[in-house]
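> Can you keep this structure in mind? I'll have questions shortly.
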Amino acid sequence: MKRNNLFKSTSFLRVVLLLSLFVILLIGGFTYRHISNLTNSEEIVVKTYNVNLELEHIVSYLRDAESAHRNYIVTKDRFYVNTYLNAKEKVNRAFLKLEDLVGLNSNQQKNLTVLNKLTDSLYNNFSKTNAFVTDNTTNTETFKTLFFEEKIIMDSIRRQSNAMFDLENKLLNEKQNEYQSDLRFTPLFFYLVLLATLVLIIMAYNKISNDLKKIKAKNDQLLIFEESTNQSEIIGKHGNWVWHIDSNKFIYSDNLYRLLGEEPQSFEANFDNFLKFVHPEDVDKLAEDLDNMIDAEELPFVNYRIVQKNGSIKHLKAYAKSFYSADGQKRLLGNTSDITDEIESFLELEERNLELERNNKELSAFNYAASHDLQEPLRKIQTFISRLEEKESDKFSDPGHQYLDRIKSASARMRLLIDDLLQFSRTNKPDKEFVSADLNELFENAKQDIVEIILEKKAQITSDTLPRAKVIVFQMQQLFLNLLSNSLKYCKKETVPIIEINYSKVKANDDPLLSKAPKSFYHKITFSDNGIGFDQKYAGKIFDLFNRLHNKQEYSGTGIGLSICKKIIDNHQGFIFAKGEINIGSVFTVYLPE
Amino acid sequence: MQTDYIHIILADDDEDDILFFTDAFDELKINTKVNTFKDGEELMDYLNDDQSRMPNVLFLDLNMPKKTGIECLKEIKASHKMSEIAIAIYSTSASEEDIEKTFVLGANIYIKKPGDFKKLKKLLSEVVSINWQYHTNGLNKDNFLLSL
């Protein structure tokens, strides 16, 4: 867009320049013509003047000759004969000049010939009358006729001369008129052309000054951009470079030098100088990558290490893209980043992850082994207690019986804890396989596991039809079992437990509890009971391991069951929430991704 | 040589468990003869001996020194002579892994050692009264673990 404007502006200026050149040439041509017209006109005037002058000379010489001849007739002095003969020579010279001046004008040539003949006939007449003078017969009629003819010829000469004079003046006027009409419009034309040129020049000036302003603004922007690029290179720890492939010249940005641990532009930018910094193990690979760059249009990231002069090793990552200048020269624009921090923190993270994984594994193994190995001595204690009870109970005193009962219930509780812990650690194991399962079936299985308690408490359990879902089968069954057991365990005494299971499919956006859910749709399953409930302020803590809201004399929980539920739901990328009201009941809501 | 008692062998390294086991059979008053071995090697030595009488039911603990229950099970199932012995796994753990593994290897029933002597007696009397032929035909992973 902007480039287009600039392009337009250049072509505009070019047009203005061409027009101006054309105008100047035009003006030059016209001026030349004008001046040459003026010169011609002046020449013609001079010529006309000369023609008139010579004609007057001729007429005057002839007049002198005539008067000399008369004087001869009167005085018979030969001196006068010489005088008019001399005049003839002068007349002849004037004729020669006139012939030159008249040039190719045929009318004047004819006139001149006529004048010449008249002159000749005048001198003939002189000769004829001279004979009468010599014979002294001037009183004769013939002489008088001849003498009178002389006057007539002289008059003709004057007329002829005047005619030539008039013709010459007429020619002069014609020519002058001709030039005049040519020249009349020239000043106006000049003026108009000059005006147009001025307008063009002013427009060009305007355009140029506008363009200059724009270029200046662009330059300012460019400066700002350059500065911000510098800043971002320093902050982002990257530098850029340009490789003019045809001339094999490099340009490195300031920060590229800094990445190498050098002062900006402190050495000549070329590949050999750069290679001095590259880690010896990476030199070959980088050189090869660079060779590939010459042909490729775009290159994947190239990773290599450099060694700064102070010995510290940095990891760099480079990326390049080819770029053609307006004249078709291939250049490679590259960007090199210092990714040392990234790599170091990645390695650290990886290390920590491994450690965490190791710790988790150890913990899980420890948990499993501990609860597993604890079972054995406990089982024996319990078996021995049952032996004692069976075989030796009649030997016990009353307190002895009491102690035995206490031991029994304590060890029973220990067994419960161990079983739950074992269950908890098992939900940690990695061999989780998601399969599509009918949740109704899993729910029935869970119910079957505790059918005795259900019958004993006469609990009423109603359930909506549940969907199929991709789940870890034994874990989902465990979840149902734990939630059911929980409701049965915390039922109100002397009240029939009622447990309701409801199902609906929900959109994550529509459910306030799912505001942070990553999936769009969820299966929502709620377990509502009419049990003793709990204070809502414990709703968050209820899923914590070993967290109990009731003392163990009243209710025999271990504080693990709901933690297992939470863990199972976590494994399924779902959510579980608890809502309670004391003496009204509890609602557990489970969301499973569809 | 046909005899009128049921020959039972228990392989278990735990003396307490051996005591419970033998006591239980004593009290059960079933006509049984119980032999016990303290590790897998002792057991296999006995079974490999041509003179030995093969048991009707072998109770096999999994966690034993020298030779584990799993190793014994593999050897027994590989031997033609012993393949007819009904094998009851008798273990503290009832982990999915162990149950799965022993089922695949061909054990006939899996008993988790109970924490109550009465229950133990009940389990053992159940096991010795099983018609193995019938039981084995209908055996699957769900009824493999014996529960009362």
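Residue positions begin at 1 at the first shown residue.
Quick reminder: no glycine exception, Cβ is built from N, Cα and C everywhere.
Heads up, here are the entries from TrEMBL:
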COILED    A:339-366  coiled coil
DOMAIN    A:252-297  domain 'PAS'
DOMAIN    A:300-351  domain 'PAC'
DOMAIN    A:369-594  domain 'Histidine kinase'
TRANSMEM  A:12-32  transmembrane segment
TRANSMEM  A:188-206  transmembrane segment
> Could you pull out which residues elsewhere in the chain have a CB under 8 Å from any CB of the transmembrane segment (A:188-206), counting only those six or more residues past its ends?
12-13, 16-17, 19-20, 23-24, 26-27, 30
> Please spell out the DSSP helix, strand and coil residue counts for the domain 'PAS' (A:252-297).
24 helix, 2 strand, 20 coil
> What does DSSP give as the helix, strand and coil breakdown of the domain 'PAC' (A:300-351)?
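Residue counts in helix, strand and coil order: 12 helix, 27 strand, 13 coil.
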> Just to confirm my parser: what is the rounded mean pLDDT across the coiled coil (A:339-366)?
87
